[in-house]
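> Pasting a structure here, questions to come.
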Amino acid sequence: MLLEEKFQFSLMEEYGEEQIFSRLLPLVHELSWLEGQLSMDLQRKGNLESGSLFPGSMAAEPVNVNEFQELARQALPKMYYDYYSGGAEDQHTLKENVEEFHRITIRPRILVDVSRVDLSTTVLGYKISAPIMIAPTAMHKLAHPEGEVATARAAAACNTIMILSYMSTCTVEEVASSCIAVRFLQLYVYKRRDISANLVQRAERCGYKAIVLTVDAPRLGRREKDIKNKMVAPQLKNFEGLISTEVSSDDGSNLEAFANNTFDASLSWKDIRWLRSITNLPILIKGVLTHEDAIKAVEVGVDGIVVSNHGARQLDYAPATISVLEEVVHAVKGNVPVLFDGGIRRGTDVFKALALGAQAVLIGRPAVYGLAAKGEYGVKIVVEMLKDELELTMALSGCPTVKDISRNHVRTKHERLHSML
């Protein structure tokens, strides 16, 4: 037997194939990202040498948030791009999250002094530069070697709030020490409550300002792209010494297998009381889509609501979030702030969500696409693009401040149909 073969055999015998693969995975992620960046750089160089400023069908430097998606597709291995971009089953809700915005029109007011436009607002008493926050999205190191640390720095540079995912590839401590900023922690509740409690308490010690409890995932939705790709999740550093994320599945996505083995499907309204018992931080719940659940959330004493369908990654044919935002806002009657998540791609989308009652919006995929394409700088550019578009929309609609954006500034498709009767 050759020396190399003997070495490979002894490694397999000592550690096992799964453990070796999990240790190599972070290196594979970084090499894949660098390969994607090199490919894009070579493409740009070739187009510049040929006198063309348009690689493929798009300018090298994106001019809107949508164009970052193509840059991310070029930069990422197919498995990871599909993981970020995909939705559940037929992806009907995924499409509707974006397209439902197109059915809402803006009613601009004229002859208003908009020589100065102020985008700033507050969330839970914390002032931010614009009503645009970073949504919790998992495993940023699949998109970029610096992972959530790069995203956190970008959010801090833009003076906004990042909600760190429970499934982050950087620890809560690493993100907290990376920059000075207001940040929240998103939480899943595991069957082993001690693990969830551990992370909440670590976040509180590190200065996180709120807990955002995801309530729409008793089990993971059927994400068929991940199943086809046999999606592999890296070991998550937050859980080192607590639980292993190495779960083998012959049926498809090992991420789905891990989630279904660990997520607590018994989670119910009474567990808000349990969460209150382990933290002094404000608690928001993410995943509300109906007025019934909004009323119940207020009754149990949450500090805020996030209207969300989990980026259309859980229940397909759930409603587009913008179509139910106003229903939730009316139900809470101003008792708690309502944040909005799902389908934001333009500053006009932000404006429409604010007009329908959201205090601020969250961006998930756009931030990840920016991270994949250009790292920390890419995330900053995505946020600044949306801020610039929102500022222009406000000026053209006669709204010098966020508080000036009212329900009268938009018309939904139902109102248009009603006006025709």
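Positions of Cβ are set from backbone N, Cα and C atoms, glycine also.
Keep in mind that what you see is a predicted model, and the values were worked out from it rather than measured.
Taken from TrEMBL, the feature domain 'FMN hydroxy acid dehydrogenase' applies to 57-415. The glyoxylate binding site feature in TrEMBL is assigned to Tyr83, Tyr188, Arg223, His310, Arg313. Look at TrEMBL and you will find 136-138, Ser165, Gln186, Thr214, Lys286, Ser308, 341-345, 364-365 tagged as FMN binding site. Annotated active site, proton acceptor per TrEMBL: His310, in sequence order.
Show me how these features fit into the structure around them.
Around the Cβ of Arg313 (glyoxylate binding site), a 10 Å sphere holds 22 further Cβ atoms from the protein chains shown.
Cβ neighbour count for Gln186 (FMN binding site): 23 (other Cβ atoms within 10 Å of its Cβ, all protein chains included).
Cβ-based neighbour count (10 Å, all protein chains) for His310 (glyoxylate binding site) stands at 23.
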> Between Arg313 (glyoxylate binding site) and Asp341 (FMN binding site), find the distance joining the two CA atoms and give it rounded to the nearest Å.
13
> Cα-Cα separation of Asp341 (FMN binding site) and Tyr83 (glyoxylate binding site), in Å?
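Their Cα atoms are separated by 18 Å.
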> Could you check which of the binding-site residues Tyr83, Tyr188, Arg223, His310 is the closest Cα neighbour of Lys286 (FMN binding site)?
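Considering only the listed binding-site residues, the nearest one is His310.
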> What whole-number distance in angstrom separates the two most remote CA atoms of the glyoxylate-binding residues Tyr83, Tyr188, Arg223, His310, Arg313?
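Binding-site diameter by Cα atoms for glyoxylate: 19 Å.
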